[in-house]
Amino acid sequence: MAVSNSEIAAVFERIADLLEIQGDNPFRIRAYRNAARTVQGLSRSLADMVAKDEALEELPTIGKDLAAKIREIVKTGSLRKLSQLESSVSPGMVNLLKVPGLGPKRLRKLRDYLNVHDLDTLEKAARQGRLRQVPGFGAKTEKNILRELQDLQLRTRRFLWAEVEDLAEQLVAYLRRQPGVKQVEMAGSYRRRRETVGDLDILVSASRGSGIMDAFIGFAAVERVISRGSTRSTVVLRTGLQVDLRVVPQVSFGAAWHYFTGSKAHNIAVRVMGIQRGWKVNEYGIFDKEGQRIAGRTEKEIYSLMGMEWIPPELREKRGELEAAAEGRLPRLIVEEDLRGDLHCHTTRSDGQDSLEAMARAARDLGHDYLAITEHSQHLRVAGGLTADELLAHCDAIDALNERMKGIRLLKGLEVDILEDGSLDMPDQVLQRLDICLGAIHSGFSLAADQQTERVIRAMDHPAFNVLAHPTARLMGRRAACALDMERIMDAALERGCYLELNAQPRRLDLNDVYCRMAKERGLKVALSTDAHSTGQLSYQRYGVAQARRGWLEKKDVLNTADLKHLLRALRR
DNA sequence: GCCGTTTTCGGCCCGACTGTTTTCAGTCG
């Protein structure tokens, strides 16, 4: 299959790493990193654009040279420039860049003085006390590096957003209770609602001498302190999660909140806009030529001075949000209240933990108008998949419950396995009885991309098929996404009147943000579903909504914002 | 390597903290 955008982005990142080790021009290195980010966030396939001979140079951060490199990668599957670089740098050096505190300059020094060229030689040199002999290094640096080497596995791990949610809320509540504290807010990728976070960024304004830093460092879950200053401190919690705290004056709070929310690329772009207007932008505000602060108290001030609407944090990835804000065409992002029901859940009849009735009541309590009951099919034996007869009996049970229960409509559904040949794991006449049919891949994850794509499209050919559940089948941190030609699948879904799911399970969040936007741009609606396996998980909609917002989705882009009547109509192909 | 409402050359975001220096380089976010 054609080279994916992610692969092209990885090539550029790799080149940037290697150039960095070589001590190349930092701006060239940044150009490669910027390009990698652009490529990663694109909602069209570059291979496709190359095939159609479109002008890649018109993409931001892609100039003549990088456009040629993209074409080379697409056409030959490799890049000569990368091969050349790989052969001139020891392969272990790139790993060394991941050690916190080690940048390209120190790295080169260690290589030149001690012949350090990978993690092993670094550790050996540090243990033997040889690092401290290198100019610019001392005993403390040596000790820190040894410690970082030990923690490397832990520190390079990213956490699921939902994994840190409780802790983040506790920490914010704890800080808000401290005397003299005026405002405490989460920033960083946590606030932007990225599906995973590498650390937490917290912003505080407090009166002078409030002792907020001591309080922060004294938080019960803190394991060690990395740095401690008067305005900024960094700690590591027992879970390995790093937390940064910044203290700023209230007049700067908006500027600081904006700055520490990021993303980095978004911030740099805003600063450049400031420079073009003759201002200086930093975390303390926007300053004119005389050094007078002309904005800073709120984020809205910052954006409005730049001639823009306030941009929701989920959009701040430098993927066109600044242009949209300047032109007043930011999307009106979906909110949880827009959802009218849930289209994917399980009960004890397959692998759920709660009964049909309990799930129905819980959904009604959440204000849902409808809930689709979608057990597994028999091919998925480990999850208690249903045979045809069992499904028919379950449909009867759902009908019966619908008779007696008011305030919510249960939809008869199924999460049917898409078998390796693209057929569905349930007889046609049984599928006909359903209100909604989700198809999902639960086996054969590693098929080649064109085979996998054909398999899915063949499944969608079935007239009963409505929604492709968790399309790539990824489990973050556990299983990679299936190789799929998502553009073809989306086009096929549109032609057939099918939909793709955004599965709200925190480890899935599948579709991801880029694919959500790709769907929106094609006019393909997304089904936002929890795949709840218990009553408590019905509230996972909030995770799905966050992902949808990152994908620029509005109410109209999501299938289950429709009322029951329109939903049922949309499910008739 | 990219980019242009000062510019097709000469810029490229900006500040905090640490550790090693003895006024600052390196790293990080």
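Numbers run from 1 along the shown chain.
Backbone N, Cα and C define each Cβ position, glycine as well.
Taken from TrEMBL, the feature domain 'DNA-directed DNA polymerase X' applies to A:3-317. Taking the domain 'DNA-directed DNA polymerase X' (A:3-317) as a whole, pLDDT averages 92 in the prediction.
Sequence-remote contacts of a segment are chain residues at least 6 beyond its ends whose Cβ falls under 8 Å from one of its Cβ atoms, and for the domain 'Helix-hairpin-helix DNA-binding motif class 1' (A:54-73) they are 3, 7-8, 11-12, 31-32, 34-35, 37-39, 42, 46, 79-81. Positions annotated as domain 'Helix-hairpin-helix DNA-binding motif class 1' by TrEMBL: A:54-73 (among others).
Within the chain, the domain 'Helix-hairpin-helix DNA-binding motif class 1' (A:94-113) has long-range Cβ neighbours (under 8 A, six or more residues past its boundaries) at 14, 17-18, 20-21, 23, 119, 122, 125, 131, 133-137, 141, 144-145, 148-149, 152, 155-156. Sequence annotations record features per position, and here TrEMBL assigns domain 'Helix-hairpin-helix DNA-binding motif class 1' to A:94-113 (among others).
The domain 'Helix-hairpin-helix DNA-binding motif class 1' feature in TrEMBL is assigned to A:129-148 (among others). Helix, strand and coil residue tallies for the domain 'Helix-hairpin-helix DNA-binding motif class 1' (A:129-148), in that order: 13 helix, 0 strand, 7 coil [DSSP].
Look at TrEMBL and you will find A:341-420 tagged as domain 'Polymerase/histidinol phosphatase N-terminal'.
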